Amino acid sequence: MKSGEKDYSIKEAMIFSQRIAQLSKALWKSVEKDWQQWIKPYDLNINEHHILSIAYHLEGASISEIAKFGVMHVSTAFNFSKKLEERGYLVFSKKEDDKRNTYIEITEKGEELLLKLMEEYNPENNSVFNGALALRNFYGKFPENIELIAILRNIYGQDFIDIFEKSLENIEENFTEQEQKLVKK
């Protein structure tokens, strides 16, 4: 292989990317619904819960760290952290040796809320868990990344899998590569 040459085709890259995109969106829809239902009684949204959890597990963190680990924009992390501070769940601070960054720590009230949520977690209300349970029972462990398709099949049914596989087959059958570009046949 010459320097600068790719050891994959554009079509192969496109199919891989589309598969991951479609699986992720389907999985996220279930995760989001389950997560929202879990935290709704406590008047939290997903970002707020995630921030509380990160602050708890990191035993305090900068807004930048919250954004990074929470997979959110810094302004999102800051704004939702501010709302949590107003409700008494977080406190903001600056460090003597680092005045540039804003840090947050979970308060006792915030920790109590988070621990209550953890206590009240019910896996039977979690469609991703339930979708994976049959695999765990059979293999003795919960699925890893390779098993994502099987989880989605259990959540959304075979028709969903057939539809997304069909879309990938359509790319395979109806597109070709010309001058390192994917074009319709």
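Using N, Cα and C of the backbone, Cβ positions are placed for all residues, glycine too.
Model, not experiment: these values are computed from the prediction.
The domain 'HTH marR-type' feature in Swiss-Prot is assigned to 13-157; the stated evidence is sequence analysis. Broken down by DSSP into helix, strand and coil, the domain 'HTH marR-type' (13-157) contains 104 helix, 17 strand, 24 coil.
As annotated by Swiss-Prot, DNA-binding region applies to 63-86, with the evidence given as sequence analysis. Across the residues of the DNA-binding region (63-86), the predicted structure has a mean pLDDT of 92.
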